[in-house]
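Novice: For reference, Swiss-Prot lists these features for the protein:
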| type | residues | note |
| --- | --- | --- |
| ACT_SITE | 32 | active site, nucleophile |
| BINDING | 59, 72, 85, 86 | glutathione binding site |
| DOMAIN | 22-101 | domain 'GST N-terminal' |
| DOMAIN | 106-225 | domain 'GST C-terminal' |
| MOD_RES | 2 | N-acetylserine |
| MOD_RES | 57 | N6-acetyllysine |
| MOD_RES | 143 | N6-acetyllysine |
| MOD_RES | 148 | N6-acetyllysine |
| MOD_RES | 152 | N6-acetyllysine |
């Protein structure tokens, strides 16, 4: 990997050149949980890649040619093909590159992973609402909603009787939902999983994974980024560099 800790490109910057042969490029942002999904899969599969960080508070004009919505992650290969939307980029990488397969071949097992992904889909917007809350009075209601969503995921693990959501070994679904759980400590929301022992064991197991530990972001850095981002600071995306 190259460029993971490089400063982000913003408005007025020159677009990067063609992607070198043998590499795939990911347009990312160091603190973005959606881009982290893609980076986790790249790392887990050992895919040689180049990271170009984008300043999401001051986006380059040329970036909208990579993704009309102006969001990360975006993949670009040496043929100039572009793939965006985090879950789609992850599935593409698993299908297009050799090595460890993260999605099961069995249609039912693959469908089960997609159902868990849908089941977890309320967690990201709840955490975003929590980060953007205007007063502490909103906290208790949001925490209760999170507890309910985590209870649903706890039930999945209870029924499967496995450590991971896809079975006895780590797979795609675990990487897709992990970035949001990594942020619980920074947001002081660990209390929301006090009633979910299997979910806590899953989190402990995830922390031991090489790809997860390689991309771990310290809670204090996440908090500092969140503070700057909420202030609309153009320096938010480059915090700590």
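For all residues, glycine too, the Cβ spot is worked out from N, Cα and C.
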Novice: For a quick check of understanding: given the listed glutathione-binding residues 59, 72, 85, 86, what is the maximum Cα-Cα distance in angstrom, as an integer?
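Specialist: Max span of the glutathione binding residues, Cα based, is 18 Å.
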Novice: Across all the protein chains here, work out how many other Cβ atoms are within 10 Å of the Cβ of residue 152 (N6-acetyllysine).
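Specialist: The answer is 14 other Cβ atoms.
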Novice: Which one is it, among the recorded positions 59, 72, 85, 143, that lies nearest to residue 32 (active site, nucleophile) by Cα separation?
Specialist: 72
Novice: I'd like to know which of these recorded positions, 32, 72, is least surrounded, judged by other CB atoms within 10 A.
Specialist: 32
Novice: Enumerate same-chain residues with a sequence separation of six or more from residue 148 (N6-acetyllysine) and a Cβ-Cβ distance below 8 A; give 'none' if the list is empty.
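Specialist: Listed in sequence order, there are none.
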Novice: Return the member of 57, 143, 152 nearest to residue 72 (glutathione binding site) in space, with distance defined Cα to Cα and candidates limited to these modified residues.
Specialist: 57
Novice: Which whole-number value in Å describes the distance between the Cα atoms of residue 85 (glutathione binding site) and residue 143 (N6-acetyllysine)?
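Specialist: Checking the Cα atoms of residue 85 (glutathione binding site) and residue 143 (N6-acetyllysine) gives a distance of 27 Å.
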Novice: Hey, does DSSP put residue 59 (glutathione binding site) in a helix, a strand, or just coil?
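Specialist: DSSP assigns residue 59 (glutathione binding site) to coil.
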Novice: Do any residues at least six apart in sequence from residue 86 (glutathione binding site), in the same chain, have a Cβ closer than 8 Å to its Cβ, and if so which, in order?
Specialist: 34, 35, 37, 38, 73, 176
